[in-house]
């Protein structure tokens, strides 16, 4: 029997994505100035970045990177366990661990690599299970599959559902994993309830707070805002590529867990360390995030303004008090049409479609930054309301005439 033709398969899959409105072409950014971006030759006001505190272009952060690169070079030159672990890596790990109240931290090149490392190193035996929120980030879900562990999912934010799933998997070691702030909905996991579930079911509780640290509560993220610490959440992921404006991630945890990851996690062992200059930039960003409460205060005010203006215009908001503000569109084509109409008016907002979100839940994902102004927020909401009307009119005009009604 002939093998399937991979080229024919990918062409068929691409044609299907075209028909569904799910193509994802890359956009080329040539220049940035705060929240203004030149994209494919057009200047747009962006509301789709994860640079929540506006630190990616902060002068002192950029200066820290440049100074460290001039001293230490462009790269680490080796993995952490050979000769790539630099004093700047060590300083960053200690600073973040101290900030969030954990004994130790371990630096990774990305959040995806960190999530894979945690599950590959800890869920290593037959019958091990990872119970997860149905809407967890793809990196958490994929990590379970790639680690070879069993994956069980519970309904979104449902701590009782998590308990049921753990009870149905009594054999093998167990991990309960959740996002802290959910990247597509912007809501926050019920961490206190989930922590109790993990304790009762003898499961290791792991929180990926990529979108919470720097923003939620006093800046220490969703775990601290829930009044929890290392005794409740033995492992926590912090990313450097969201509120902290850089790239990379850290896993924070108990001494024994972090030591085990450093010695056995393949994504940590078999990759070159993050450039020391990037660690220097992240270190400065962490210090600013800890010190400059005005950034969070301004961001909180902008979130409240956006939601107030959106309600005034009758937009379909979701329950989020974080910088992630999704506006449901329903079908994929409407989301793309809305995003395109906004771009034509000078605004850059991403259309998020399956498989990133569930079927029928396509949306505009608006993300706010401390760099935005109230005028920009009001202008965006007005543009969204106008785009909604234009797209709805186009849909009505394209619809076939109604069938005649016979008595």
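Each position is counted from 1, following the chain as shown.
Including glycine, each Cβ sits where the backbone N, Cα and C put it.
Note that the structure is predicted; figures quoted are calculated from it, not measured.
For 24, 137, 356, the entry in Swiss-Prot reads substrate binding site, with the evidence type sequence analysis. For 111, 112, 183, 211, 239, the entry in Swiss-Prot reads pyridoxal 5'-phosphate binding site, with the evidence type sequence analysis. According to Swiss-Prot, the N6-(pyridoxal phosphate)lysine annotation covers 242.
Cβ environment of residue 111 (pyridoxal 5'-phosphate binding site): 137, 139, 208, 210, 237, 239, 241, 249 lie under 8 Å away, each six or more residues apart in the same chain. DSSP gives residue 239 (pyridoxal 5'-phosphate binding site) a strand state. Max Cα-Cα distance over the annotated substrate binders (24, 137, 356) is 18 Å. Cα-Cα distance from residue 112 (pyridoxal 5'-phosphate binding site) to residue 24 (substrate binding site): 20 Å (rounded to the nearest whole number). Put simply, the two farthest-apart Cα atoms among 111, 112, 183, 211, 239, the recorded binders of pyridoxal 5'-phosphate, are 14 Å from each other. Cα of residue 242 (N6-(pyridoxal phosphate)lysine) to Cα of residue 183 (pyridoxal 5'-phosphate binding site): a span of 11 Å.
Of all the recorded positions listed here (24, 137, 211, 242), the one with the fewest other CB atoms within 10 A of its own CB is 24.
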